[in-house]
Each structure stands twice: as structure tokens, then as C-alpha cells.
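Everything on this sheet refers to the single structure shown next.
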Amino acid sequence: MEKLIILLLVAAVLMSTQALFQEKRTMKKIDFLSKGKADAEKQRKRNCSDDWQYCESPSDCCSWDCDVVCSG
């Protein structure tokens, strides 16, 4: 009976450490993807021209406010 309890405890510890490592890998992927998104946003802002230009979508404008022309 004691061996069974020890075996169950060892299995629980192994499962929890596996879940912990899997969570860390997921967080690294999220950090990596977020960094790329932040870099793309910085690039967009660098290429951002003045307001009152014609636009087709909010992403065309620095202010993200498009109504035929950018407004902000």
C-alpha cells in the first residue's frame, strides 16, 4: 500500500513538472509572437504620414480613424 502511495505521489510530481514546462514553452511562444507584433507596430508608426490623407481602412491612418480621410 505504501509503495502505491509513493508511486502516485511520484506520478503527480512528474505530471505537474511536465505541465509547468509546457506552460513555459507556451509563454515563450506568446512572448516571441508579441515581440513581432510590437516590431510591426513600430514599423507602421515610422511609416505613418500626416493626418488628412485619403484612407480605405483605419489601419491606413496614424490615428486609426478613417472616414474617407484620416482624422485624429
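Any Cβ shown, glycine's included, is placed from N, Cα and C.
Record features, source Swiss-Prot:
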type	residues	note
DISULFID	CYS48-CYS62	disulfide bond
DISULFID	CYS55-CYS66	disulfide bond
DISULFID	CYS61-CYS70	disulfide bond
MOD_RES	GLU56	4-carboxyglutamate
MOD_RES	PRO58	4-hydroxyproline
MOD_RES	SER71	serine amide
SIGNAL	1-19	signal peptide
Under 8 Å by Cβ from CYS55 (disulfide bond), counting only residues of that chain that are 6 or more apart:
CYS61, CYS66, VAL68, VAL69, CYS70
Per-residue Cβ crowding (10 Å cut-off), top of recorded positions CYS66, CYS70, SER71:
CYS70
Could you tell me which of these recorded positions, GLU56, PRO58, CYS62, has the fewest other Cβ atoms within 10 Å of its Cβ?
GLU56
All-chain count of other Cβ atoms within 10 Å of CYS61 (disulfide bond):
22
